[in-house]
Amino acid sequence: MREERPIIALDFPSFDDVKAFLEHFPEDEKLFVKIGMEFFYAIGPEIVHYLKGLGHSIFLDLKLHDIPNTVRSAMSVLGTFGIDMVTVHAAGGVEMMSEAKKVLGDKAKLVAVTQLTSTSEEDMRDCQNIQTTVQESVVNYARKAKEAGLDGVVCSAQEVELIKAATAEDFLCVTPGIRPAGSEIGDQKRVMTPQEAHQIGSDYIVVGRPIIQAENPWDAYHEIKKQWNS
């Protein structure tokens, strides 16, 4: 089922920055926010508990990638945090992903990172020695994530249709690299607008800088939400 709220990437260096950002929103506006590695490693689980206490939904994007037993143990802890979604890296393999899903169960959605939206085909070939197209690599990772029992993948909106055709219509596609029309793409190389992501079948979109760096984050959020639901 498609999530109507854009997920806001809280890419901040400090707790105080997040608190200041949230002051732009009414207290009764329950957000869906993403906590990434930088923020989680700087603050720790306290930030998750704080945001859950305010009633917000949490996407914990840690991209776990290690041997199956280690990821299983880590996921057993993360599953106690009350999070709504969490990531592992598909490159860790089917066994690793499967072990993570077994221990997490239905406590949260488990999605796999395929290829980062900052990865170009040249990067993939030179650094990863994967001699296929980005789309072929992403679809292969998606199939493996589905095989492992995961709920979906993180992918560019440009790969959504291919992934759903290769897996299932209800296999979730979480798409970062979303930019409103006319905004700068930054370090993202595979981007789409919120409306385009909706039309192509994305289930969740993740938006960072266009909201958190906006002069008025509340207005920016609602404009992106309107585009996403149009």
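Glycine is no exception: its Cβ is also placed from the backbone N, Cα and C atoms.
Among the features that Swiss-Prot reports, active site, proton donor is placed at LYS63. Taken from Swiss-Prot, the feature substrate binding site applies to ASP11, LYS34, 61-70, THR117, ARG179, GLN188, 208-209, supported by sequence analysis.
Between the residue listed as 'active site, proton donor' and GLY208 (substrate binding site), the C-alpha separation comes to 17 Å. When the binding-site residues PRO68, GLY208 are compared by the number of other C-beta atoms lying within 10 angstroms of their own C-beta, PRO68 comes out lowest.
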